[in-house]
Amino acid sequence: MLVYKFGGTSVGSVENMNHVKDIIGTNGKKIVVLSAMSGTTNALVGISDLIKEGNTELAQKQIIDLNETYKQTVSNLIQDNSLQKDVIDYVNSIFASLLDNVAEAHSELLHNSIVANGELLSTYMFSKLLQQHGVSAALLPALEFMRIDRANEPDNFYIKQNLERLMEDQYEADVYITQGFICLDVDGNIANLQRGGSDYTATIIGAAIEAEEVQIWTDIDGFHNNDPRFVNDTKALSHLSYDEAAELAYFGAKILHPQTVMPVCNLDIPLRLKNTMAPNAHGTLITNQIHGEGIKAIAAKDGITAIKIKSVRMLLAHGFLKKVFEIFEKYETSIDMITTSEIAVSLTIDNTTYLESITEELEKFATVEVDDYMSIVCLVGNHIIYHPDTPELFQVLQDVNVRMIAYGGSNNNISLLVNTSDKLETLQKLQRYVFESTTIEI
Ligand code: ADP
Ligand code: ASP
Ligand code: MG
């Protein structure tokens, strides 16, 4: 069975929802995971923030405006009178419950239940669109099978068991539609897989049913060799390995949620990226096969904090690194990049929740310097550290202030730490050098 996932733009208009209907076709059983219509999750986050600030009037106005937009969309999407009434009633009930939320005390639980509504709306609307066209479609409520455990990892046993049960209950359906992004937490509260999490939903489901393939349909023709939001003339890559894709997604390539690759790579389930707006374009096929040598793609991740820790005991302070790591372990804070010298270690983190406590503990045996607003620029490709062209890339970075380099930790990755204010220039210079010319002009 195939698992399809369509992102926000792909379901963001009546026209695009109809494209999606055509793409999934009518033959063979399949599971379709949908995001919220583009802009909806951001709007819901905004509403939740207004409630938190006590700005009830504006929150109410935004809920009513969004309700009107949805009613308009439904009337253009569904022509059948009784189906249309059904969907309008559903949409109104969602917005009525949002209006009730305005009077509630704000909490993380309330926030999560507010932002879950985008996926509930899009999947309901799409299931009725399919019904209108005579397709046998069934809605599988994600909140009845998608669950994370105490460590925020998917509870795979629970997911498989419940998903299979729900599918068996509706065995006659050809198309199973479900919500991306949303799930229950270990206590049964509404939670989510973090922003962009619908991709992750799709591969978790793909693994649970041992799908033939998982297809992520989005608004671009596949994984590009650099971030198209910041760099011109980027190109789609026809193939990537699981490791390459996972590394790029982890280091900021927004096309995939950072965890997407994990559930499918061990099971060898192909992951294909396709463009809803250009379904005939090849897209990117992600498998365990490795294609090409040298630098293949570049990505960047913002929101990085660098910590320089210098031992006060100077040389040969053995056990120093152990003590440092134990503190990060204690505060469950993972380290992305690390470089060491005889007396100091520099490392980066992206989760600063416990930064103050970490710094306090480190300062008992070291001097500590913290720098924020940093970005990691990550270059990925098979055996890039051995490729003859790679050393030259450092020439191109002569006038960029590179704060740290991780080279050799893996054969397939080189990471650079730069100030976020230098990120754009770094990405653009690398693009020109790596993909557009073999000789460097600085
Ligand atoms: P969806 O709503 O379909 O999940 P996203 O906006 O999350 O779509 O992801 C697609 C977007 O990711 C693209 O429009 C593009 O701007 C951005 N992007 C960032 N890096 C890359 C990359 N390396 N390749 C392709 N797209 C990328
Ligand atoms: N709707 C959610 C978001 O905007 C999840 C997703 O689109 O993947 O983050
Ligand atoms: Mg996305």
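The backbone N, Cα and C atoms fix where each Cβ goes, and this holds for glycine too.
Per TrEMBL, the feature ATP binding site maps to Lys5, Phe6, Gly7, Gly8, Thr218, Asp219, Arg229. Note: Lys5 (ATP binding site) has non-local neighbours Val32, Val33, Leu34, Ser35, Gly180, Ser198, Asp199, Thr201, Ala202, Val214, Gln215, Ile216, Trp217, i.e. same-chain residues 6+ apart with C-beta under 8 A of its own C-beta.
The annotation substrate binding site is assigned in TrEMBL to Thr41, Glu119. Thr41 (substrate binding site) falls within a helical segment according to DSSP. Within 10 Å of the C-beta atom of Thr41 (substrate binding site) sit 24 other C-beta atoms, taking all shown protein chains into account.
Per TrEMBL, the feature domain 'Aspartate/glutamate/uridylate kinase' maps to 2-275.
Residue counts for the domain 'Aspartokinase ACT' (377-431) by DSSP state, with H, G and I taken as helix and E and B as strand, are 22 helix, 20 strand, 13 coil. Marked as domain 'Aspartokinase ACT' by TrEMBL: 377-431.
The 10 Å shell around the Cβ of Arg229 (ATP binding site) contains 9 further Cβ atoms across the protein chains shown. Looking at Phe6 (ATP binding site) and Glu119 (substrate binding site), their Cα atoms lie 11 Å from each other.
Taking Cβ-Cβ distances under 8 Å and a sequence separation of 6 or more, the neighbours of Gly7 (ATP binding site) in its chain are Ser35, Ser38, Ser198, Asp199, Ile216, Trp217, Thr218, Asp219, Thr276. Only Gly8, Thr41, of the binding-site residues Phe6, Gly8, Thr41, Thr218, Asp219, Arg229, place a Cβ under 6 Å from an atom of ligand 2. With respect to ligand 1, the binding-site residues Lys5, Phe6, Thr41, Glu119 contribute no residue with a C-beta closer than 6 angstroms to one of its atoms.
Classification of Asp219 (ATP binding site) by DSSP places it in coil, neither helical nor stranded.
Each of the binding-site residues Phe6, Gly8, Glu119 was scored by other CB atoms within 10 A of its CB, and the lowest score goes to Gly8.
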